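Asks: So Swiss-Prot says this about it:
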BINDING   Tyr37, Tyr175, Gln179  L-tyrosine binding site
BINDING   Lys238  ATP binding site
DOMAIN    357-414  domain 'S4 RNA-binding'
MOTIF     42-51  motif ''HIGH' region'
MOTIF     235-239  motif ''KMSKS' region'
Amino acid sequence: MTSSNLIKQLQERGLVAQVTDEDALAERLAQGPISLYCGFDPTADSLHLGHLVPLLCLKRFQLAGHRPVALVGGATGMIGDPSFKASERKLNTEDTVNEWVEKIRRQVSPFLDFDCGDNSAIAANNYDWFGGMNVLTFLRDIGKHFSVNQMINKEAVKQRLNRDDSGISFTEFSYNLLQAYDFACLNKAHGVALQIGGSDQWGNITSGIDLTRRLHQQQVYGLTVPLITKADGTKFGKTEGGAVWLDPKKTSPYKFYQFWINTADADVYRFLKFFTFMNLEEINALEEEDKNSGKAPRAQYVLAENVTGMVHGEEGLAAAKRITASLFSGDLNDMTEADFAQLAQDGMPTIELTRDADLQQALVNAELVPSRGQARTMISSNAVAINGEKQSDPEYAFTDADRLFGRYTLLRRGKKHYCLISWL
């Protein structure tokens, strides 16, 4: 992306929900590089897919020559943002928050370039300026610039105040002031002139703009990216198992890859604009190719490869593709021991068996059949596979050759019902 018309390019990709003083911001960007920031609160030990669009937006600005600041909220994470939350967040201990801060800092780092000259990225933590601030300083230097009347009229706060079952605590009510002061601090320390965030952050961002103007007499700007929804109206970034995380220990590269493979045709080309750096001409050409090919669309695989490779690297992408191909073909020869561990992590039904168990018992224990009698019937009808190979002998006893890496056997009943055996 070029800097001269960056806002327009972001809009063409559907990446702008709201922007303050668009003409003035476009003019400022055309004059030369700026510093901008996006904040990530450590409310869990990993970022999830909802964080990916603003994080990639930081990267888009850096590629256009601007300097990104990734702010991890060591202070704000101890309170929790009430914006559009139905109830108050659980408060985590300082040790927990500090641990999560470090994990998220490491997670953000690969997306940005911290050693590229004048626009090298900066990592910041708002605990650095809030940790030593006392309550009198906070009230005198920050609180006096805020009108309670305006604060309670912000949509995110109004929604909580209007709920019969829960109001809002003073702790969460004060969050808006803390995030606003982040903007003012980063403006003073690094010349930050733009904050980006999800559209639920609009009220916090505009508060920061007002406070920066009052404290430093500087004109600064805000830009929000849309909260992503799917064409069918359901939430993006959720599966039956919960959120899709960027941490491979919480969502494996294989499961992450499968999430994108399962993207609906109605969403996939839009998601290519949001989550990849393919130019619009490439995306439009791919859409046209898929429409005219008469085959299953390629777009989901392009999306899955792009995003999985970006988040999990070449090794993670290779593992995801290897597992996908192996399960589809039934040929498990290319799978590694770590690949089988990924399947267990991802929630594939897994059982432990002693080495004297036969195939009938394994099917019953795996809950692939209700009884040994039913197991005999399924095996005899050629409906059971061991490591991808059909087995029709109802009296079959496992051999060492069935125990891949000495410990794993993959059972399949029919085409879709799997269970992984971990041998004791």
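Cβ coordinates come from backbone N, Cα and C, glycine included.
Help me see these features in their spatial surroundings.
Replies: All chains included, 24 other C-beta atoms sit within 10 angstroms of the C-beta of Tyr37 (L-tyrosine binding site). According to DSSP, Tyr37 (L-tyrosine binding site) is assigned to a strand segment.
Using DSSP to sort the residues of the domain 'S4 RNA-binding' (357-414) gives these counts of helix, strand and coil: 19 helix, 14 strand, 25 coil.
The average pLDDT computed over the motif ''HIGH' region' (42-51) stands at 91.
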Asks: Among all the protein chains here, how many other CB atoms are within 10 A of the CB of Gln179 (L-tyrosine binding site)?
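Replies: Step by step: centre on the Cβ of Gln179 (L-tyrosine binding site), count other Cβ atoms within 10 Å, giving 27.
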Asks: Quick check: in three-state DSSP terms, what is Gln179 (L-tyrosine binding site)?
Replies: helix
